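Here is what Swiss-Prot records for this protein:
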type     : residues : note
TRANSMEM : 12-32    : transmembrane segment
TRANSMEM : 53-73    : transmembrane segment
TRANSMEM : 75-95    : transmembrane segment
TRANSMEM : 111-131  : transmembrane segment
TRANSMEM : 136-156  : transmembrane segment
TRANSMEM : 174-194  : transmembrane segment
TRANSMEM : 199-219  : transmembrane segment
TRANSMEM : 251-271  : transmembrane segment
Amino acid sequence: MLKQRIITALVLLPIALGGFFLLEGAFFALFIGAVVSLGAWEWARLAGYEQQFGRVAYAATVAVLMVALYHLPQLAGAVLLLALVWWTLATVLVLTYPESVGYWGGRWRRLGMGLLILLPAWQGLVLLKQWPLANGLIIAVMVLVWGADIGAYFSGKAFGKRKLAPRVSPGKSWEGVYGGLAASLAITLAVGLYRGWSLGALLLALLGAALVVFVSIVGDLTESMFKRQSGIKDSSNLLPGHGGVLDRIDSLTAAIPVFAALLWAAGWGAP
């Protein structure tokens with residue numbers, strides 16, 4: 001298993017780095033769209049569609065919608081706002097699982113929820129790539145989320161006692177959340193001090209980082225909730241040793257549109 005994970009990582013890493021940081025404009029949107037389409041193919045299975053026709057049809061639908069959004073940039077703000085609404089709702093659904101299943105258990109509803117997860121993630125990345133310090137922004141959100149993941153892992157291993165959402169993901173603890181949050185805030189503080197941010201800007205950045213990390217946890221738990229309801233361990237086996245695409249990006253699909261929305265609200269990329 002470890003050998004498989006290493007080989008897969010060595011193959012995918014240069015592709016991912018090249019796609020994220022070397023491609024621009026429509027080529028970048030197409031690259032991210034391909035990744036999101038694979039995620040859509042996996043999501044259709046989480047929604048209850050085992051047959052390839054239904055899964056491919058859903059992925060194609062998501063691809064068409066991404067093309068439409070690319071040609072309708074005036075809708076970007078609405079897409080980010082929709083993401084904020086969705087992740088607020090998703091928090092409630094996770095906290096009330098399994099009682100909440102009655103509201104989202106149907107296949108069509110789950111397909112619709114997939115759109116609310118996948119399309120804003122694509123839109124957020126496309127916007128970040130268009131804004132000042134584009135690659136730096138993409139690195140920033142990834143470092144925030146991955147730094148929080150690392151902090152949560154070690155903190156949870158060392159101190160984890162109180163379960164965060166035992167009916168959704170029994171392995172996660174509140175102590176892990178605190179460790180992840182502390183790691184992300186430490187990263188943000190270090191960057192702010194290095195770049196000489198004002199006290200006001202630093203406080204806003206710390207608040208924003210905390211919100212992004214919280215939402216990334218909700219994103220992770222949301223996919224876990226859908227997998228648990230479907231009786232599925234991994235979203236697919238597309239990435240040997242790593243599971244599926246969604247298993248690798250579940251936290252980022254939530255964090256990216258919220259990160260972009262916060263920057264938009266701060267006037268970073270608004271026209």
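Just so you know, glycine gets a Cβ as well, placed from its N, Cα and C.
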Among 12-32, 111-131, 174-194, 251-271, stretch most in contact with the transmembrane segment (53-73) (C-beta, under 8 angstroms): 111-131
Listed stretch, out of 12-32, 75-95, 251-271, that has the most CB pairs under 8 angstroms to the transmembrane segment (111-131): 251-271
Spatial neighbours of the transmembrane segment (12-32) far in sequence, C-beta under 8 Å, 6+ residues away: 66, 70, 122, 125-126, 129, 135, 138, 239
